[in-house]
Amino acid sequence: MYKTGILNSEISKVLSDLGHTDQIIIADCGLPVPQEVKKIDLALEFGKPSFLEVFSLIKNHMVIEQVTIANEMIKQNDELYIQLMAENVDINTKSHEQLKVDSTQVKAVIRTGEAKPYANAILKSGVLF
C-alpha cells in the first residue's frame, strides 16, 4: 500500500503508463465517454469529488504540457476557468463538440462528480527532461 500519492490504482496505472504527448481527460459527471476509452469513475454524488480537487491532485503527479478546455467554459463556468488559470498551466481552447470528438484519442477519462457546465479538460502529458 502506498504511504502517499494517488491511492486509486487505476489512476496510478494510467499515469505511470503515459508517454510524452499522451492525453487523459478529467471530466464532469455529464461528459459522454467513448466506449473504447477507459473510464475511471470517481463520482460519488453531485459535486464530489470536484473537478478542481481531482485536477490539483493529478497535477501534482503528472507532467502536464498543455491543458485543453472547451471555449464555452470561459463564459459559462468562469469561476472554474479563473481557478484553472491560477494553476500556471498552458491552456488551449476548442469547442465543446471538438473536445468530445478528441476524447476518442485519450488514454482514459477520469469522471468526477462535478456538476457545473463545461468542467472538462484534456491533459497532454509532458516529459521531465
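Cβ atoms are placed via backbone N, Cα and C, with glycine included.
Secondary structure at His20 (active site, proton donor), as computed by DSSP, is coil. Feature annotation from TrEMBL assigns active site, proton donor to His20.
The substrate binding site annotation in TrEMBL covers Asp28, His96, Tyr118, Ala119, Asn120. Mapped onto three states, the DSSP output places Asp28 (substrate binding site) in coil. For Asp28 (substrate binding site), the count of additional Cβ atoms within 10 Å of its Cβ stands at 22 [all protein chains shown].
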Query = Same-chain residues six or more away whose CB lies under 8 A from the CB of His20 (active site, proton donor)?
reply = Glu65, Ser125, Gly126, Val127
Ask   = In DSSP terms, helix, strand or coil for His96 (substrate binding site)?
value = helix
Request  = Measure between the Cα atoms of every pair in Asp28, His96, Tyr118, Ala119, Asn120, the residues the record assigns to substrate, and report the largest value in Å, rounded to a whole number.
outcome  = 13
